């Protein structure tokens, strides 16, 4: 791929790569631009007071000390103290440089890392939904229902991949069918509003299930999202089955909207643990039908492939790709990179 001309120097190797979630933190180290990353055991965030402590624990299992770090985290990156969503850690890059002996630290949004990953994702690490398997060499989009609903674009321009983070998970989600109109009054809202994330995430699955039960006039019997999906996939609970069917339908609607926003002719990718667990439901007709139901642009949506990312460490693979060849990506680093 032709490279962009960047005046900014690449981060020095070895580079620590980190994907920081609310529950788990995953680290690896990349020694140089040609070596495979060495992965460390998954770290539970609750077991460490600070991220620096967690990094020290990971590095205690390696003879290699990193000169720099690229970390992906949930939430916006602002200022010199960056609190994590759903975790008590606060990332302080200047302190990290001083305490861990690093020269350079770059912090980006977690879905930017997911967007970086889909730039070069191989066929073995994706499951295609629908009949279209290959898209154009063009912009892409990624969505991920998890703790929340992450959304990012990956714009292809000037011979490079440019990740575009945002808060697309908070777009409005409204009823369209008669059944939707009966269910919607029972959904929990935030300040009277129902966003996509209110339905399309782990707690959103619970929200939808409880609303369906209230609509049907029955007491909910399932508590956890995993229980709902398990009963739905096993076809042992009618309300759970409808919950999952509507979940993938609404995800298809939102994915289609995001595809239009980014003109994602290169494909739309669904990532995260939930999507992998409900893959059989996503491969049923409802997801693609909702994705394509975007008159007057139905023909356009029919031409756009959709995939579920099955790579177990997708974010780390995206960060590694950037670490090896930063000039191939148009990643904005202003206000997010700290040097000694």
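Counting begins at 1 with the first residue displayed.
Just so you know, glycine gets a Cβ as well, placed from its N, Cα and C.
Record features (Swiss-Prot):
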BINDING   18, 19, 20, 21, 22, 23  ATP binding site
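Feature map: annotations from Swiss-Prot on the structure.
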residue : record           : Cβ within 10 Å
18      : ATP binding site : 26
19      : ATP binding site : 25
20      : ATP binding site : 25
21      : ATP binding site : 20
22      : ATP binding site : 18
23      : ATP binding site : 11
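A Cβ within 8 Å of the Cβ centre of 18, 19, 20, 21, 22, 23, the residues given for ATP, is found for these other residues of the same chain: 24, 25, 26, 45, 73, 74, 84, 87, 110.
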